Amino acid sequence: MKKLVPIEIGEEKRPKDIKAIQFRLASPEKILSWSHGEVKKPETINYRTLKPERDGLFCAKIFGPIKDYECLCGKYKKMRYKGVVCEKCGVEVTTSKVRRSRMGHIELVTPVAHIWYVNSLPSRIGTLLGVKMKDLERVLYYEAYIVKNPGEAYYDFEKKNPVKKYDVLNEEQYQQLVQHFGDTGFDARMGGEVVKELLEEFDLVEAFEQLREEMKNTNSEAKRKTIVKRLKVIESFLNSGNRPEWMMLTVVPVLPPDLRPLVALDGGKFAVSDVNDLYRRVINRNQRLKRLLELDAPEIIVRNEKRMLQEAVDALIDNGRRGNAVKGANKRPLKSLSEIIKGKQGRFRQNLLGKRVDFSGRSVIVVGPNLRMDQCGLPKLMALELFKPHLLAKLEEKGYATTLKQAKKMIEDRENVVWECLQEIVDEYPVLLNRAPTLHKLSIQAFHPVLIDGKAIQLHPLVCSAFNADFDGDQMAVHVPLTEEAIAECKILMLSSMNILLPASGRAIAVPTQDMVLGIYYLSKEKEDAKGTHKLFADINEVMTALESDYLDLNAKIRTKIDNQVIYTTAGRLIIKSILPDFVPVNLWNKVLKKKDIANLVDYVFKEGGPKITAEFLDNLKELGFKYSTVTGISISAYDIKVPDSKKRLIEEAKRKVKEIQQQFQAGLLTEQERYNKIIDIWTDTSNEVAKEMMELMKNDKDGFNSVYMMADSGARGSSAQIRQLAGMRGLMAKPDGTIIETPIISNFKEGLNVLEYFISTHGARKGLADTALKTANAGYLTRKLVDVAQNVKITMDDCGTHEGVEITDISVGNELIEPLEDRIFGRVLAQDIMDPITNEILFSEGTLLDEEKTRKIIEAGIKSVTIRTPITCKAEKGVCAKCYGLNMAEGKLVKPGEAVGIIAAQSIGEPGTQLTLRTFHVGGTASRSAEERQVVATKEGFIRYYNLKTYETEDGKIIVANRRNAAVLLVEPKIKALFNGEIEVKPIHDEVLITLSNGEEKVRYSFKKSDFARPNELAGVSGKIEGKLYLPYESGTKVEAGESIVEIIKEGWNIPNRIPYAAILKVKDGAPVTQKIVSGAKGVVKYYKLKGDYLERFEGVKEGEKIEEKGLFAVIADEEGREAARHYIARGSIIEVADDQSVDKDTVIAMPAKSDKTVIAEWDPYSIPIIAEKEGVITFEDIIPGVTAVEQVDEFTGETRLTINEYIPAEYKPAIVLAPKDGSEIIRYVLDPKTAIYVQNGQEVKLAQTLAKTPKAAAKSKDITGGLPRVSELFEARRPKDPAVVAEIDGVVSFGKPSRGKQRIIITADTGQTVEYLIDKNRQILVHNGEFVHAGERLTDGTVSGHDILRTLGEKALMYYMVSEIQQVYRRQGVNISDKHIEIIVSQMLRQVKIVDSGDTKFIPGDLVSKKEFRKENEKILRLGGQPAIAEPILIGITRAAVSSDSVISAASFQDTTKVLTEASVSAKVDHLEDLKENVIIGRLIPVGTGLYKDRKVKVETASQE
């Protein structure tokens, strides 16, 4: 970094380029040096002559002439007198634009405080002097005295309590102290003067030393905080070279008059800029004060005037910051200097970040179906206006006009040669089209204009989805790029034919929609028994001839030869084939093409052929689609909407079921909640059933050529949900608050709704409209925050050289897959080698970029977790390196240095924001509830392993889960079997694990990477995924028999309590095999092998129909070369379908399970939480008193009375069931929650695992689930949830300490003896029990886990994993695809600061938040000098805070909190190095990304002369 030299920006010598901008406090001398004269009078202009008053606010002598090169009195006119000062009116003869830059000043009679440094928190003046802000205000506004010199004054007669400097006194105290101690040098005064004097004498260095001393010696946290605050302010003054007294103004600068203009309106009135009014008040009061002082007026009057002056200056700088705002003539507050720069209408956002530009126009858009992909239709009249300068030059160059005037005349007369020339200019000249709102980079694209008649712009139908445009009156803007470079960028980077992929996900966005899809779908559909079915044709020409001579139907199934193979296809599909490039395989086009299939087709063509071929292909596809949707003439009539006959029957049945539920409820068998839930479930199922029948009916109507069905099925328009409302039943509706009305709408729109149904459905319709309006604003604000936080992230280097990465798996919630692994790793770079789990060879090495091909190989190898590089672990000094980012989604290539990945990330997340929902889901609130989960089912084959699992067996032989946590049921397949009887030894060495089996004579050892094994906290379900990891069933030192598996691969896992709750009934025993239908993963020959040690041994003679009793059997499919193409584990009990050495195709069934129904792992009662007896023994009740804490309920069916705990329990009672075990061990207490039903009697003997009581689930408070946009905001803002879960910070054993003040105390003790205590509110549900082992990061209470806790307990990678999966859940559920890397970039920005814990010898202060970059730099410096480095902890900051605390002042100021940012910057004299995008846009330089980076590298853009 070169030494930066400050430059004065005067009028004449504006520097060409600025390297950096520094913000500082201006000293009075500085302000005077800017000024061209003092403004003495409040007058503006003389209303008769309309000339500025001398010495007034618009004075020509001070600010410069009003007309170019002409003095005010008119003595000197013309250029030749430039620089002469007129002796009569004192005006310098120069250009009038100096009135935009020349400043004046006002000399104040008394110093006043600058309100920003008094009132903006923390108050700088107050903090510096150590005076409270309120007190400081009282002093400045002449209501209190501040002690300047205490002399020997005391507050009391015993002289115990001395008066200190800076004490603030009221009138009474002051009078008394003056009386007693006036002669001892006691001095206290009020107002700006004394504050200025105090600031002048303030010794910064001494204060700094003193405070550092105090800091070391103090123990109180509160005191430390105040000291740190003061230290920060003092330090900023010391480092910046600012003087504290400059925060007091003695001279007020006056803004140049052209920046606060007077505009003459018609009718002799003037529109005055508010700032003038505010200046007038300052001048008036200042002059009056001057006179009063000259007249020696009474103190009280002077004091009042001084106070008014202070208020006037306050209003000028920041009106309304303190007290009431000064209002103008029309009763609205005046806009002060601060207001002019802040907010959406302020200088930053209105004029600097976005400007209106020349050479632009806008008009309505219409569809242009005959344009090429890179063309747009531009109305001639618009082109004429936009290209006028070009046209004038062209007319002269061609010799049609000799002068400019003549050329202008020709254009006005619209002569024919004009159009000729215009056409020449427009050829090969791109224009930019933009549609507001510009949500992502595809909202501005370049096109080659085609001149058209008419006044509307024509837009190509395929780019509509990128612009989000439709033709119902949308408007678009046209911009003309002017410089050679801009034109080159338009042609190379911005042409619409280059922007086929969406930057958010890398999927094609220029995909046919609506009519085009319908036409293509129709073409590719098969019709049974159509004309010409089963005929054989030689080639497409023959087919076309047959079609034209009406010998063949378009949809007939025919045979023809493609790639030397005879295949079945249809004539229509061959027409599609004719426009496809040759490299597209048959399976992609020879099927019914729906919207998804067409998108896949486009993706494939792009991947194999590149943008040029794709653009051509898309145009052909568009032509084809439009042609055939027109020819077929598909249309809807009411008769195409078919209502199923079975509807009546289904509804009768549902009503019957509902009646039964109601009866059970009245009999007291169900709680209100259960009744409601069950009824909702019944109607949801019925509605789905009716919809299913309806879709079946429509599908079979007219052989599948029913128009309505075709539109929905092809994805052209409408969905099954909409058709369901037209022809099925409308189903359940929600009330405005989100709860579901339990009576559904039975009618559909074809039958018509009755009055009540109509009324119920109006809620939803109106809410939908209101939501949409709110949503747009929220999504826009989210985008703005994201852009601001990420705008400085760009690709700065090719490779940062890190070996770190984050291990990722697919994202799933319960059984629902949110984002598959292939989507997550596609386009990323590996951080570790990937091993083939079967052959143990390296599949791909570290540093490989995964394209689709490689991704597919990884998934086919059965790998479940991959470690990839990510922006969060990137070590690049600024920005991110290309390897940590991976593929540029919009190009399908590795990203290039200079790419503005931050902005792209922000746009990719923000743009789909409008598609997200806004609502907060209530439990049981959405109109499509999924039935409660009541069991888990195995989906893979293998055998069962219990991990840490304790169970109870009941009398009737049921197995019940006894663990509450830290246990799991695993489904595994063997990886290594013991070769002989022996003892296992497991030994970790560095990052490897050695497993040895020995028995004295024989010994074998196997080694694995440590990271391949599932960690205990993963098995317990605290973090990460376990599928695909290795598991060791035996601990070190265990003896095993030959044939036992000693290393296993986990295929599925269900942890407790997340997947299987406490007291669930287990349906599988440890070691039990689980069989599934096994389908071959490849084409080839099946050979059977048996696992022996860690290798496979051939196992011959397996026959079809045989039931497998062998352990460790594998079916291996060998391809033509005899290599292993796929491997399948065959569990015991499977029935073989394919004998040894037989050939199979892909997807052939190899083995079948012994029993046909699915394997249930565990099941439980979803509506209640049971309490079970942990031992045999006798029950006694405690505090269970009928009528006080409990109520007796008689069961009508059994006649038994049962006790239920009341909903509200008096505070002094704690109802509990106490169990005294038979074996005499310690008694066990079960504390009962409200609403618990008790299933035992007092004094009863109970058996092991008997149910003692049940708490209904609904009583476990139903919390609202935040979904959609609010959830995304919540995550990015890093808001702490309302009541967050308390999270364990260390691994250890739980115990309960003695409660304090009604709070429960949880103590966690680690093996090392370290303990952590937590106090927990009594109304929180505690999820852990005494003596249980918990992992760091595990929840101890109910509630949402906060991101801050994850970061603190599990670290940055776990936090990233959590953030990405939470945000992806929201977007994926709405069907939006966003690549993970975009979210990771934002998260890395949220983690860019650290909090100093211990400052060592650095300049930091504990509690400081500093950027990681600064922290590293400072520590390196201190280490070089041999000092003690600082220690910091990572913190998570929300995007708003991250954007405001940006390193760049200008960027932060233009985002939010403008005054606060500028105050902070000026006090600490911050320098903005103009490294990022926003600052450069504001200053008006090229932005330093993409092609703008080469500006510094002196690369010249050579344009080839156009022949």
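Numbering starts at 1 and runs along the chain as it is shown here.
Cβ atoms are placed via backbone N, Cα and C, with glycine included.
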> Which of these, Cys490, Cys874, does Swiss-Prot list as part of the Zn(2+) 2 site with Cys800, Cys881, Cys884?
Replying inline: Cys874
>> On a simple 10 Å Cβ count over all chains shown, which one of the binding-site residues Cys73, Cys86, Cys89, Cys800, Cys884 is most densely packed?
In response: Cys884
> Of Asp470, Asp472, Asp474, the binding-site residues given in the record, which has the fewest other CB atoms within 10 A of its CB?
Replying inline: Asp472
>> So, three-state DSSP: helix, strand or coil for Cys881 (Zn(2+) 2 binding site)?
In response: strand
> Within 10 Å of Cys86 (Zn(2+) 1 binding site) (Cα-Cα), which of the binding-site residues Asp472, Cys874, Cys881, Cys884?
Replying inline: none
>> I need the CA-to-CA distance for Asp474 (Mg(2+) binding site) versus Cys881 (Zn(2+) 2 binding site), whole Å please.
In response: 40
> Could you tell me the C-alpha distance between Cys881 (Zn(2+) 2 binding site) and Asp472 (Mg(2+) binding site) in angstrom, no decimals?
Replying inline: 44
>> Below 8 Å Cβ to Cβ and six or more residues apart, same chain only. Which residues does that give for Cys874 (Zn(2+) 2 binding site)?
In response: Cys800, Thr802, Val880, Cys881, Cys884, Tyr885, Ser1388
> Among the binding-site residues listed here (Cys71, Cys73, Cys89), which has the Cα closest to the Cα of Asp470 (Mg(2+) binding site)?
Replying inline: Cys71
>> Here's one to test understanding: among the binding-site residues Cys71, Cys73, Cys89, whose C-alpha is closest in space to the C-alpha of Asp472 (Mg(2+) binding site)?
In response: Cys71
>> My understanding is the cutoff is Cβ-Cβ under 8 Å with a sequence separation of 6 or more in the same chain; which residues meet that for Cys71 (Zn(2+) 1 binding site)?
In response: Ala60, Pro65, Lys77, Cys86, Lys88, Cys89, Val91, Glu92, Val93
>> I need the neighbours of the Zn(2+) 1 site defined by Cys71, Cys73, Cys86, Cys89. Which other residues of that chain put their C-beta within 8 angstroms of the C-beta centroid, in sequence order?
In response: Ala60, Leu72, Gly74, Lys75, Tyr76, Lys88, Gly90, Val91
> Taking the centroid of the Cβ atoms of Cys800, Cys874, Cys881, Cys884 (Zn(2+) 2 site), which other same-chain residues have Cβ within 8 Å of it?
Replying inline: Met797, Asp799, Thr802, Arg869, Pro871, Thr873, Lys875, Ala876, Val880, Ala882, Lys883, Tyr885
>> I'd like the number of other C-beta atoms within 10 A of the C-beta of Cys881 (Zn(2+) 2 binding site), please.
In response: 23
